[in-house]
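Lifted from TrEMBL, the feature list:
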TRANSMEM  21-42  transmembrane segment
DOMAIN    84-150  domain 'Potassium channel'
TRANSMEM  94-116  transmembrane segment
TRANSMEM  128-147  transmembrane segment
TRANSMEM  186-208  transmembrane segment
DOMAIN    197-275  domain 'Potassium channel'
TRANSMEM  214-236  transmembrane segment
TRANSMEM  248-268  transmembrane segment
């Protein structure tokens, strides 16, 4: 009885998902290197210029007020500590009142984290770890459910649009596969979500430009940083001491933040699906290129066969090769077939008979032989 042999050794060939993981990691690393080179070339000169200007101002101030540079730097270090605690030179709003604390926890659970407000006590830092663990998980679940609602809404919209254009009979005919038919493509979802993010960002930028005193471009920059949950902290909304209609502005700010983050998170998910499709196409293309090269190399190593029969005295190339078309000739023979194995193909017009691994008869020397003198003892001539 034949037993099945099961190998417990792990396969050395990676799976498709593993290949995706490594290739995507490599592409992300290359993307980061390219981004680092671009941003370094753009921002490094401005950084050097800012350092030179700061050193000049520091030296001029110390000479003007007759203060040593060391004492002035110590004072600035104290100010940095005070700024970390939320103290500003221009008196802003309170950071830890109920509205400020609500704004802080909103940036925590949405994973924005501007950095303008941070807990300074040990108890607050420990509590933030557990609070953020639960809050961030729940918010990500909310973002996923929001994306599902968007997909359902788009499917229903596509269904109703098609229903208006179709007859009742066509709808009954396609009732079985209507779920697949009304399912929108990832490109349609990406386009709609991009339009939604752009619309929300432009509306929010108009509000921030009016309430915060920023330019429209700065407001758009803040919207992308906030909605994508990057949160650099160079621009933060609701930090001024006084705003017109402060309560209405705070509510509108929270709603715009929530809607913007939901739409942007969904857009990132849709784009990630497109990236995965592009990765599949890239790997499939590389596999086809590899198989083509391998097939071409195997074709070069295949033997060159010549067949001839009693009824046909014309020698024919079985591989459709052009290397020995000039060597094809007619001659009478009682043999049924003859096989020549060449070591390797060469240039057109060069005789390869001398390079054969078996004994062959070249037609150039065969012309000098008398026809009919060579006879085969068997039907097939086999030379050892």
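If you go along the chain as it appears here, the first residue is 1 and each next one adds 1.
Quick reminder: no glycine exception, Cβ is built from N, Cα and C everywhere.
No curator has checked TrEMBL annotations; they are predicted automatically.
Panel annotation: around the transmembrane segment (214-236), residues 107, 110-116, 197, 200-202, 204-206, 208, 257, 260-261, 263-265, 268 of the same chain, lying at least six beyond its termini, place a Cβ under 8 Å from a Cβ of the stretch. Beyond the transmembrane segment (186-208), the same-chain residues lying 6 or more positions past its ends with a Cβ under 8 Å from any Cβ of the stretch are 150-151, 154, 214, 216, 219-220, 222-224, 227, 237, 249, 252-253, 256, 259-260, 263-264, 266-267, 270-271, 273-274, 277. Across the domain 'Potassium channel' (84-150), DSSP classifies residues as 42 helix, 0 strand, 25 coil.
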